[in-house]
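First comes the structure, then the notes that go with it.
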Amino acid sequence: MTVAVGRPQSQRGAFDVLDDWLKRDRFVFVGWSGILLFPCAFLSIGGWLTGTTFVTSWYTHGLASSYLEGCNFLTVAISSPAYSMGHSLLFLWGPEAQWDFARWCQIGGLWSFTALHGAFALIGFCLRQIEIARLVGIRPYNAIAFTGPIAVFVSVFLMYPLGQSSWFFAPSFGVAGIFRFILFLQGFHNWTLNPFHMMGVAGILGGALLCAIHGATVENTLFQDGEAANTFRAFEPTQSEETYSMVTANRFWSQIFGIAFSNKRWLHFFMLFVPVTGLWMSSIGIVGLAFNLRAYDFVSQELRAADDPEFETFYTKNILLNEGIRAWMSPADQPHQNFMFPEEVLPRGNAL
């Protein structure tokens, strides 16, 4: 008698079928992260394009902000909601808009729509890098690096206005709108004298410097392994040998500075660490601003400058500039407060 022993075929459930379809090899990988990434990215980008093309900011900021009103690419924006909306999520079906799309746009609903979907899209993109790294079998350092931009976006567009009294104080989605927000941070928070801003600048500019030095050093030490006019065509993605000389690069920088990286892994980790740490530090600083934490205050210099007209430092000059920013920006930037400053109390520069 013959006995056939076999493994019973397991029943494939709907989850397994969906998992196979999401992870199928295609031109654009979808994956589980794509369920979050693609809809949110589509809606946030679509909301921004719609708002900058058609929607005015007259009802929220008293400004023109769309192509339809004559703005250009640098001046269009989706402005933050009206101050009276507080921290409402401004759903289209909520009590503020009540399914009225025109009213929803007027009170700033597109801003919250774009901000929230944009935040989830960035998180989805980070998860996408983790998912693909796991499938390919590599480390998830790309995703770790991308947490820096996510932290900046969430802290600036969500955490800061949450710490303030309304979404109104968030930056608008536009080039000139971001510039206005930067001036606001300086005038009302003295942001450039905040140590977390200093660490952020050091990280970003330091990362740019490291990137430039690394790229130039690699180009300088390429092996002459081709007969073409340039060395780019001599490289093959699948080649087993090195394409540049680490030993030569180490000797070069040892002569320049006296010290140099001798370990490629430490070098590239350092290039990852510097800019990402800078982004995270600036994000922490923005969260501090949300709760109105102050930057460095050199009160002794302010007191001496108040008593001695001949004593002035760059710090005291910057404090006066901040006062000027507040005085000039407040009436236009916060129309709901109905500020009215007499001409004689507004700061006047020598050139005015």
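Numbering starts at 1 and runs along the chain as it is shown here.
Quick reminder: no glycine exception, Cβ is built from N, Cα and C everywhere.
From the options 186-206, 207-227, 312-332, the stretch Swiss-Prot describes as transmembrane segment is 207-227. Looking at 74-90, 261-277, 278-294, the stretch flagged in Swiss-Prot as transmembrane segment turns out to be 278-294. Neighbours of His197 (chlorophyll a PD2 binding site), defined as other CB atoms within 10 A of its CB across all chains, total 21. On a Cα basis, His197 (chlorophyll a PD2 binding site) lies 24 Å away from Asn142 (pheophytin a binding site).
When the Cα atoms are compared, His197 (chlorophyll a PD2 binding site) and His268 (Fe cation binding site) turn out to be 24 Å apart.
Reduced to three states, the DSSP call for Phe261 (plastoquinone binding site) is coil.
Checked against His214 (Fe cation binding site), the binding-site residues His117, Gln129, Phe261 differ in C-alpha distance, with Phe261 being the nearest.
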